[in-house]
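Visitor: Please read through the structure below; I'll follow up with questions.
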Amino acid sequence: MRTQYCGHLNKSLEGQTVELCGWVNRRRDLGGLIFIDMRDREGIVQVVVDPDMKDVFELANQLRNEFCIRLIGEVRVRPESQVNKKMATGEVEILATGLEIINRSDVLPLDFNQNNSEEQRLKFRYLDLRRPEMSDRIKLRAKASSFVRRFLDENAFLDIETPVLTKATPEGARDYLVPSRVHKGSFYALPQSPQLFKQLLMMSGFDRYYQIVKCFRDEDLRADRQPEFTQIDIETSFMSAEQVREITEKMITEMWKELLNVDLGTFPIMQFEEALRRFGSDKPDLRNPLELVDVADILKDVDFKVFSGPANDEKGRVAVIRVPGGASLSRKQIDEYTKFVGIYGAKGLAWMKVNDREAGFAGVQSPVAKFLNEDVVANLLDRTQAETGDIILFGADSKRVVTEALGALRLKLGEDLELTDKSIWKPLWVIDFPMFEEDGEGNLHAMHHPFTSPLGITAEELAVNPAAANSNAYDMVINGYEVGGGSVRIHNADMQSAVFNILGIEEGEQQSKFGFLLEALKYGTPPHAGLAFGLDRLVMLLCGTDNIRDVIAFPKTTAASCLLTNAPSLANPDSLKELSIAVAIAKKETAKEESAE
């Protein structure tokens with residue numbers, strides 16, 4: 001039906017007859033001529049309908065926005081004075097010689113010229129996706145996926161599918177469960193990742209595997225998470241952590257170069273502890289120049305328990321952020337930041353304005369200055385490299401509270417005061433994560449997942465002091481977003497059992513949940529390592545948006561529902577009966593609805 005896309009037309013096609021299919025983006029009557037901006041997925045071109053073409057002109061008079069049409073016409077170059085430099089096709093127009101209305105359109109429930117509510121956009125997503133902004137994002141996503149496949153194919157990786165109906169295993173989030181009709185009372189789980197299957201593929205001899213795969217996690221949502229998401233899953237045998245990072249970094253740098261013409265350069269490598277200490281986060285945004293500076297040694301002897309208490313506690317921390325030009329912050333603004341850090345458990349936010357750096361103690365203004373002497377203030381100014389016009393913000397509490405509160409405050413200050421340079425890209429690797437982390441009750445949990453190898457110790461050494469062990473894990477971070485994470489895997493059955501034991505998984509449970517893995521590890525398992533990227537998050541960054549819903553064709557809401565199809569919905573009672581399932585909650589809700597009526 002078509003010979004060209006609207007957005008591909010240019011001067012090289014002058015005089016040629018083309019056939020186009022698409023939608024009416026806009027129609028205008030000017031001086032007896034009808035002008036149509038015709039749109040398809042590749043762009044917009046201007047069509048001119050002359051009244052001398054009577055049949056075409058009569059049909060063109062009937063056109064309204066979003067009519068689906070087919071058009072035949074001749075490409076002609078616009079006069080220089082009429083060139084539209086805002087359009088990719090602005091040097092040409094089409095003189096219509098034929099027109100067919102394929103389908104008419106009712107008045108749209110969305111207004112493409114205004115901001116529509118998120119709810120309306122998701123409910124009528126098929127219309128929202130017609131907008132060039134959205135269309136461009138979905139096309140860029142397709143290009144990113146195509147690039148990944150091409151790169152990995154060229155580097156001897158095999159695209160291998162893994163099961164979607166599988167066994168529930170503890171990976172940190174709740175599983176989506178699928179009931180079995182054949183095995184009544186039993187359930188499959190939708191995979192949170194293909195983790196165990198890709199490890200089994202390494203044991204099968206497929207030493208370079210990849211898959212662009214759907215994964216599912218029943219967890220609380222936020223702007224960069226969805227219940228179903230797409231992962232670029234990669235696993236290798238006989239490669240070190242450094243080699244995995246090298247090849248995946250090469251993939252990302254070449255992707256950015258091809259799709260954005262941006263040179264990311266070589267990624268710096270930062271240890272987990274350094275990232276927390278300097279930036280208050282294991283995914284630091286290095287575009288933001290603010291850093292956390294430890295000052296416990298300076299404040300440990302002051303006569304102010306708020307500072308000296310944590311400064312002398314091995315589980316405490318006292319740190320500051322120096323904000324260039326921050327002395328201009330009003331008391332109201334400081335109070336707002338005090339409320340903000342309270343979200344993270346901080347009990348307050350002490351501050352010190354540097355009104356005159358050369359004057360030392362006499363040149364600072366602070367509600368806590370009376371507790372500090374000249375030497376302490378001088379040391380603080382030197383340690384933070386403060387200058388006239390700056391403000392120093394203090395955090396003093398447990399290590400966790402100070403790190404989280406000041407880390408979040410750092411990001412907020414960078415945004416509010418426009419200190420974060422959004423014109424640049426700052427990637428890095430974060431490595432040497434702790435193997436385990438404690439919950440509020442002192443129990444250990446795997447920081448990544450229980451199949452991650454510890455760094456440089458034996459199973460016996462790990463069992464002695466597991467809380468002190470680091471893992472051979474690594475995350476790729478770009479502009480404050482974790483875009484990929486991976487690790488060297490455990491390839492020894494004894495080590496795997498040791499990790500399970502530390503996590504409180506008893507031998508019987510090990511066999512029931514992971515017996516197949518422990519068995520497979522007995523048969524010449526190669527050393528293996530891998531990494532998984534979040535495709536949605538990568539494309540979100542490539543597109544310059546801050547919400548992954550913008551780069552998914554049909555996303556869910558933050559309540560994990562689809563406004564387009566009204567999923568999830570109540571199941572047919574006959575289907576539930578066939579599955580031997582009784583849904584008590586649904587009955588209660590139904591009773592409430594009936595009583596309300």
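Every residue, even glycine, has its Cβ placed from backbone N, Cα and C.
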Visitor: Swiss-Prot records Arg217, Asp218, Glu219, Glu482, Gly534, Leu535, Asp536, Arg537 as ATP-binding residues. Which of Gln226, Gln496 is assigned to the same site?
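Guide: Given Arg217, Asp218, Glu219, Glu482, Gly534, Leu535, Asp536, Arg537 bind ATP in Swiss-Prot, the matching entry from Gln226, Gln496 is Gln226.
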Visitor: Between 195-198, 303-306, 367-370, 411-414, I'd like to know which one Swiss-Prot lists as region 'Aspartate'.
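Guide: Of the candidate stretches, Swiss-Prot labels 195-198 as region 'Aspartate'.
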Visitor: Please average pLDDT over the region 'Aspartate' (195-198) for the predicted structure.
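Guide: Across the region 'Aspartate' (195-198), the average pLDDT comes out at 96.
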Visitor: If you measure from the Cα of Glu482 (ATP binding site), which of the binding-site residues Arg217, His448, Arg489 is the nearest?
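Guide: Nearest candidate: His448.
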Visitor: Just name the winner among Glu219, Glu482 (the binding-site residues) by count of other CB atoms within 10 A of its CB.
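Guide: Its Cβ has the most other Cβ atoms within 10 Å: Glu482.
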Visitor: Could you tell me the C-alpha distance between Glu219 (ATP binding site) and Arg489 (L-aspartate binding site) in angstrom, no decimals?
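Guide: Here the two Cα atoms are 25 Å apart.
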Visitor: Looking at the binding-site residues Arg217, His448, Arg489, which has the shortest Cα distance to Arg537 (ATP binding site)?
Guide: Arg217
Visitor: Which of the three DSSP states, helix, strand or coil, fits Glu219 (ATP binding site)?
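Guide: Note: Glu219 (ATP binding site) is coil by DSSP, not helix or strand.
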